[in-house]
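Per Swiss-Prot, the feature signal peptide maps to 1-23. Annotated disulfide bond per Swiss-Prot: 34-58, 37-87, 55-108, 59-110, 86-113, in sequence order, evidence recorded as similarity to another entry. The N-linked glycosylation site feature in Swiss-Prot is assigned to 79, 104.
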């Protein structure tokens, strides 16, 4: 009899926790403190009438345990594998500002992070 009450209370508590977890919007928690990937004006290099834009914002990233099959093929085995995409320029144009060649981004998207490539 005691075990039945204990199991019933545990199931009820579990269902309440699931309900509370669904009250929070998921997209708010995922992007906390970071805006989506888009063009923003670079205030340092922009001049009146000649704005310079660059891609800024957040994209997808995650970490998960490394599968055993993959771990066996690694030169230096690691327990955690991570994947990430970065906010990068999809299209750009070369511009000249104060005799300095700059890359002015014209379109952005989430793609492979350059610093992760080897």
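If you go along the chain as it appears here, the first residue is 1 and each next one adds 1.
Using the three backbone atoms N, Cα and C, a Cβ is placed for every residue, glycine included.
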* Asked: Between residue 59 (disulfide bond) and residue 108 (disulfide bond), what is the CA-CA distance rounded to a whole number of Å?
  -> 11
* Structure fact -> For residue 55 (disulfide bond), the same-chain residues 6+ apart in sequence with C-beta under 8 angstroms from its C-beta are 37, 38, 39, 40, 87, 88, 89, 105, 108
* To do: Can you figure out which of 34, 58, 86 (the disulfide-bonded residues) comes closest in space to residue 79 (N-linked glycosylation site), comparing Cα atoms?
  => 86
* To do: Taking Cα atoms as reference points, rank the recorded positions 34, 58, 86, 104 by distance from residue 110 (disulfide bond) and give the first.
  => 86
* Could you say which of the disulfide-bonded residues 34, 58, 108, 110 has its Cβ with the most other Cβ atoms inside 10 Å? => 108
* Roughly how many angstrom lie between the C-alpha atoms of residue 86 (disulfide bond) and residue 58 (disulfide bond)? -> 7
* Asked: So how many other Cβ atoms are close to residue 37 (disulfide bond), meaning within 10 Å of its Cβ?
  -> 20
* Asked: At the level of the C-alpha atoms, what whole-angstrom distance separates residue 34 (disulfide bond) and residue 113 (disulfide bond)?
  -> 17
* Structure fact -> Cα of residue 104 (N-linked glycosylation site) to Cα of residue 58 (disulfide bond), in Å and rounded, measures 19
* C-alpha of residue 113 (disulfide bond) to C-alpha of residue 58 (disulfide bond): distance in Å? -> 12
* Structure fact -> Comparing local Cβ density (other Cβ atoms within 10 Å) for the disulfide-bonded residues 86, 113 points to 86
* What's the most sparsely packed of the disulfide-bonded residues 59, 87, counting other C-beta atoms within 10 A? -> 59
